[in-house]
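Here is what TrEMBL says about this protein:
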- 1-25: region 'Disordered' (REGION)
- 61-80: transmembrane segment (TRANSMEM)
- 85-280: domain 'Mucolipin extracytosolic' (DOMAIN)
- 295-316: transmembrane segment (TRANSMEM)
- 349-368: transmembrane segment (TRANSMEM)
- 380-400: transmembrane segment (TRANSMEM)
- 381-516: domain 'Polycystin cation channel PKD1/PKD2' (DOMAIN)
- 420-442: transmembrane segment (TRANSMEM)
- 488-509: transmembrane segment (TRANSMEM)
Amino acid sequence: MERQKLLTPVNSYGSQDGDARTSLGSASFRPEEEELRRRLKYYFMSPCDKFRAKGRKPFKLVLQLIKILIVTIQLILFGLSNQMVVTFKEENTITFKHLFLKDYADGSEETYAVYTQADVYDHMFYAVDKYLAIPNETIGRYAYVRRMGDNQSALLLCQQYYHKGRIDPANDTFNIDPKVITECLGVDPPEKIFSPLDLEETFPDLPEPDRSYKNFTLKFYKLINVTIQFKLKAINIQTIINNEIPDCYTFSITITFDNKAHSGRVKIYLDNKVDIQECKDPSVYGKGDNRFRMVFDVIVLLICVLSFILCSRSIIRGLLLQHEFSQFFQRCYNQDICLSDRMEFVNGWYILLVVSDVLTVSGTIMKIGIESKNFANYDVCGILLGTSTLLVWVGVMRYLSFFQKYNILIVTMRVALPNVIRFCCCVAVIYLGYCFCGWIVLGPYHVKFRTLSMVSECLFSLINGDDMFVTFAAMQHSSYLVWLFSQLYLYTFISLFIYMVLSLFIALITGSYETIKKPTTGKCAGGELKALACERKGLHWDFLLAFLRYSLTGCGLLRLKKPAAVCSVAMTKARIGGSCHCLLCTLYEFHIEPLS
């Protein structure tokens, strides 16, 4: 009779149970127990259950849906603007390569090189000549940046060489001082740039430009590299299409003649770095009004701040409830709650939303700075906004998890994740071993094994079945021993990771899915405490064991027996996880007897 009273369900949330219960030493705890039980039940309810229990409107749910919409729109608008910035930079880089690199062809970066001293001088002076002729030859509108570097010149022509260098292959001798000397020559364009029309009509007799830079002599026998450095300015006017004020760009261009290897092959490559800043006195007729974007960004900020406050409040309430429950457990049983049970009160979804709000606010502030031309780091802003949007969309899964037919992915991931992580740790050891081995042995003979990152990318592609034949065929045959090793290396890696590792990985996830598929379809019936256990499937065995013991015993009036059936369930708790709590509640109902 006492047990039936204890397991009588509560009529509604917040109601007071008027049953007159016999107090056998636990009357002082029963009101507190009932109140705590109701609060725990309400805390672990879904928004729909809370609405049915107290009529509470799901404000956070509505707010998150609105935030998803506006954050996605904001990301799309920023993506269109960022795309134009990246396109402008890439197209200018291609233009500079065709302008300053003699006989350059698209896609020839890896093979573009010279092999004679005359070719080095020819390509070097060609780049300087084209730089001086920019105003009269280029289609785009570029301007020089003067007074660059220590010698205040617009262009710096520098060579780096060893302090002392004498190499005599005939006698197999050399004498090298590794100290690096840098020697630079400054080149300046004309002080005043004239258009072709001015040159024809107004200034027919102009002095020849200074060609003294052609007396620059290279020390090939100890040369490390030659660099040509200069800056150019340009304006990206295509942003007017998106109703934005154009930005001013400064391109820092470096042309390098690389002779570090001293192999007779001097590689040439061009590097372009961009600095974006606000233009002075911008004027666009009928365009360039971005007040709507500013207002929209402010709305995003306000909604994200509100979401941050609500989610933080929910996290704090969970921590306070955890603290209260821990104190209650300490007073009643004189023992502490384990860490895993404490973590049940920490809602990871709220933490995810808080992180996304912080990233969105940071990215939006940077976006406002970009639109107001006070900030120009598109990459950092894009990373913040992109990551925040990803987290916001992932957070939608929380609300899908409230529906039994839609939460299969979340439940499967929750059950499989610990085993998958342990499995991946073991696999990573073997994978890293193959990476280091391939880099050391095959790196000099295979283009896909030149660096550790390239090795990892190549092996990961092989796991997914990509480029298998190309990887085999690209191996050089200059060393038969290395070629034989490469065959053994690739065959063992593919066989091990595709046929064994990948199959076991899929089997882990499939096994977890099969484990939770049937239990998650079951339903629990019974009292209020059973309903609490069924609604909150994440509660651990120890938590339920202790809390059920207290709730059903009235502080020591009943004794719990743990027969083989319960032990069997306990042994499989790590595999079944939260899905066995319904079965747990049922088993407890049949294994309680009064104390003698």
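Cβ atoms here come from the backbone N, Cα and C positions, even for glycine.
Same-chain neighbours of the transmembrane segment (349-368): 64, 71, 74, 78, 294, 297, 300-301, 304-305, 307-308, 311-312, 314-315, 318, 375, 377, 380-381, 384-385, 387-389, 391-392, 394-395, 398, counting only residues six or more beyond its ends whose CB sits under 8 Å from a CB of the stretch. Relative to the transmembrane segment (380-400), the listed stretch 61-80 leads the set 61-80, 295-316, 420-442, 488-509 in CB pairs under 8 A. Here the transmembrane segment (295-316) lies next to the transmembrane segment (61-80) in space: the count of CB pairs under 8 Å, restricted to residues six or more apart, reaches at least 3. Listed by sequence, the residues of this chain that lie at least six past the ends of the transmembrane segment (61-80) yet keep a Cβ under 8 A from its Cβ atoms are 47, 242, 293, 296-297, 299-300, 303-304, 306-307, 310, 353, 360, 364, 367, 381-382, 385-386, 388-389, 392-393, 395-396, 399. If you take every residue in the domain 'Mucolipin extracytosolic' (85-280) and average the pLDDT, you get 84.
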